[in-house]
């Protein structure tokens, strides 16, 4: 019989087969109904609902909390009332005890948890404590802080992230010979959180009995501060250091927080020395975290540091196509975009995968099933209000200067009548960039390139569009110039 995530499941037929009485799950259900009413949804959901009812080593019934902090709160604030309600509802007088998960396992608590159809008590569950993987092998609940959509199946690997992806896969498989700790770093929106979530899900799937703790650095800070205020730091340490795999997202947030850095340093040291796995993410490499404690920074550098690079164009298109498939499953529309729309999104949103996916979400929300019929002009109109705030306005003159500098030529050459390839190809690239990065019409672009007509510009745009798919050098040139222009 189990209570997990606010749902009670009961079947004590094996543990209490000789006792003609109400199943323990039914009794606990009655207790929880009263406690929820008396404590309120927030307190009940935070402290009581995450508990698990287990059979103790001597046949008693034990309320097992996921953390020592939760155990101490229940003992201090609610245990007297819990005991009263249990006694009043259990006619056979079964003894009820309270232990944290580590306590229960250390005294040889039964690993048996009987299962049956659940008696539902749907309650809000707090995520203020570190999230532990369930010991019964069931899929963890989203309230643990993990997002179900972030898995290896939905992660799109490419040159920018394939090494980090391979490392995450290896850690999740519990393979021997891993580096420890592992730190993934890269700017906001590069896929770090997705990778860490995927790693956690896969690690729990591969080894259901292992203990996995996933939390953000902000959660680490807030939980540690609360533990200090409640004088529960020992319980806090107990929970983190009992993990087989500890994952902390955005560890750079801890920099400058002296006591929290100290605690993380000792936790990291203890876990690594004990052969447990530790994984972090941050927005920069350890060497660049100058405000972080030197000892902690050194430990973060001591394992394997994996950088995630900006997604290249092919990877961005792959991400868009995978996202389209997900949207089609959710909403039932045809998972396609016009080629010019797909290319526009991949070329326009180059700095962050989140921005890229956000643009597609916006189109889906606005157009619904009609998203596959949107023209480039309609897409540009829809996304115009959603472009990055304060983005630098790029002019055709900016494009001409950046292109000529990149190719080592004079800007005046782009405006000349010269047609040799060394000049014609950069000129076509600059025209293509002008079409992508400005709102100027084709005739206007032509006028600013030495008075050419719009058909010349259209030919240049189509030529570059066709070439860059098969010419990685040209594709990289366009990306480099674009990044320089956007600064």
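Sequential numbering from 1, following the chain as shown.
Even glycines carry a Cβ here, placed using N, Cα and C.
Straight from Swiss-Prot, the features:
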- 189, 191, 192, 193: ATP binding site (BINDING)
- 1-92: region 'Domain I, interacts with DnaA modulators' (REGION)
- 92-144: region 'Domain II' (REGION)
- 145-367: region 'Domain III, AAA+ region' (REGION)
- 368-487: region 'Domain IV, binds dsDNA' (REGION)
Cβ-Cβ distance under 8 Å to residue 193 (ATP binding site), same chain, at least six residues away: 150, 249, 281
Among 189, 191, the most crowded of the binding-site residues [Cβ within 10 Å]: 191
Nonlocal residues around residue 192 (ATP binding site), in sequence order (Cβ under 8 Å, 6 or more apart): 184, 185, 186, 249, 281, 308
DSSP three-state assignment for residue 192 (ATP binding site): helix
PLDDT averaged over every residue in the region 'Domain III, AAA+ region' (145-367): 86
CB-centroid shell, 8 A cutoff, ATP site 189, 191, 192, 193, site residues removed: 186, 188, 190, 194, 195, 281, 308, 353, 354
